[in-house]
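Engineer: Dropping the structure in here first, questions after.
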Amino acid sequence: MTIQLSGPEMPTIKGSVRITGSKSESNRLLLLQALYPSIRLENLSNSDDARAMQQGLAAGGGTIDIHHAGTAMRFLTAYFATRPGREVILTGSARMKQRPIRILVDALRALGAEVEYLENPGFPPLRIRGRRLENNQVTLPADVSSQYISALLLVAPSLPQGLDLRLEGTVTSLPYIRMTLGLLGRLGVACEMEGNRIRVFPVGTLPKQVCTVESDWSSASYYYSIVALSAPGSEVSLSSYRPDSLQGDSVLQHLFRKLGVESSFQGDQLVLRRTEASPIDHLDLDLIEAPDLAQTFATCCFGLGISCDLTGLHTLKIKETDRLLALQAELSKLGAGVQVTGSTLHLQAGGAFREGQVVATYNDHRMAMAFAPLALKMDLSVEDAGVVSKSYPGFWEDLEKLGFQVREA
Ligand SMILES: O=C(O)C1=C[C@@H](OP(=O)(O)O)[C@@H](O)[C@H](O)C1
Ligand SMILES: C=C(OP(=O)(O)O)C(=O)O
């Protein structure tokens with residue numbers, strides 16, 4: 001469904017929104033709960049990707065379709081490969097079949113796993129026959145996706161000898177590896193990272209405990225953008241967040257200060273306030289540690305009329321779509337001057353706002369959500385608006401709570 005979007009009547013936005021648990025933390029904890037049923041989880045993500053993970057873990061065998069969920073694909077591959085006696089076929093959407101998985105499969109095979117490609121070598125779908133993995137040492141490239149490393153780390157405490165990993169190359173999306181280690185540590189698994197070596201020690205059982213998932217910072221990024229694009233005095237509060245986050249995207253608190261948004265905590269509410277300060281006129285950002293924020297910053301800078309240079313984006317082309325090409329096409333449609341390479345995006349200052357355009361979303365939730373705040377500057381429509389359910393099913397209803405008008409086109 002295509003929706004027509006327009007911003008609130010009042011220039012100053014006030015409101016509060018409840019965002020559910022981080023999809024990254026949820027999918028890690030769901031896997032850990034399958035290994036250690038003594039863990040109870042609260043504030044789980046209500047996203048399609050978390051549902052895909054839950055359904056995958058609950059499946060006894062046969063074919064499991066995880067649709068677009070990258071973490072579910074990678075984490076379940078490691079999970080089933082290490083469950084002796086289980087046999088599954090893991091498949092996904094047409095796009096998932098184009099997202100590489102060879103580095104993870106090679107690492108699992110080196111540990112003794114039995115994984116087979118059913119269509120194109122290096123890509124899903126996979127047939128996995130679970131085995132007891134006797135080896136515990138493996139080296140793998142870390143510059144393509146951190147999800148391969150997190151997948152191995154998550155099953156590591158259940159392996160007979162734990163795991164001793166060495167990472168090669170420039171590590172991409174490092175905070176997500178730290179998140180995995182942080183959650184393991186919080187639950188009581190011994191693990192350590194020293195330089196490019198990560199060790200996780202085996203654990204038979206874990207104490208009974210409740211683990212509350214912090215809300216999703218990547219989802220919060222769209223409200224940062226909304227507040228940046230609205231009048232001074234605007235204030236939006238989001239629940240439930242904490243200052244000691246395990247999510248790398250919590251760096252938003254610092255980065256958005258340059259664009260006129262101040263963050264503070266009131267209990268577990270994260271309060272975003274538009275200050276009187278004018279945003280800087282050019283933003284330089286290396287997003288190698290926070291790739292999911294690239295679309296938010298590119299669209300927000302366009303809305304503010306400022307230029308930006310985003311670097312560290314080489315992983316964007318293997319996400320839900322080639323996000324660099326998608327950003328270039330859709331921002332240009334709205335009147336922006338954009339140049340991209342394989343790992344960078346340059347946005348020129350200014351650019352006319354072309355009213356009434358239809359933004360295409362390329363099966364990518366973040367294309368829809370990152371462009372939505374631009375409704376504060378121009379009327380626009382968003383194609384296939386339901387795509388947001390991959391990470392944030394209630395997104396459009398929450399925008400309406402802030403006064404946005406969301407109508408079927
Ligand atoms: O581990 C995770 O939960 C994620 C890691 C990142 O992927 P890459 O490591 O592939 O960059 C990120 O883009 C994705 O949304 C979630
Ligand atoms: C890249 C993303 O997800 P995944 O890789 O888990 O599909 C995302 O949510 O932006």
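Each residue, glycine too, has its Cβ placed from N, Cα and C.
I grabbed these lines from TrEMBL:
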- ASP292: active site, proton acceptor (ACT_SITE)
- LYS23, GLY70, ARG99, GLN147, ARG323, ARG366, LYS390: phosphoenolpyruvate binding site (BINDING)
- LYS23, SER24, ARG28, SER145, SER146, GLN147, SER173, ASP292, LYS319: 3-phosphoshikimate binding site (BINDING)
- 64-399: domain 'Enolpyruvate transferase' (DOMAIN)
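Map these features onto the structure and tell me what's around them.
Structural biologist: Using a 10 Å Cβ-Cβ cutoff, ASP292 (active site, proton acceptor) registers 25 neighbours.
In the structure as shown, the Cβ atom of LYS390 (phosphoenolpyruvate binding site) sits within 10 Å of 23 other Cβ atoms.
According to DSSP, GLN147 (phosphoenolpyruvate binding site) sits within a helical segment.
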Engineer: Taking ligand 1 as the reference, state which of the binding-site residues ARG28, ARG99, ARG366, LYS390 have a Cβ closer than 6 Å to one of its atoms.
Structural biologist: none
Engineer: Please check the recorded positions LYS23, GLY70, SER173, ASP292, ARG366 against ligand 2 and give me the ones with CB under 6 A, sequence order.
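Structural biologist: Within range of ligand 2: GLY70, ASP292, ARG366.
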Engineer: Would you mind checking how many other C-beta atoms are within 10 angstroms of the C-beta on GLN147 (phosphoenolpyruvate binding site)?
Structural biologist: 27
Engineer: Could you tell me which of these binding-site residues, ARG99, ARG323, ARG366, has the greatest number of Cβ atoms within 10 Å of its own Cβ?
Structural biologist: ARG366
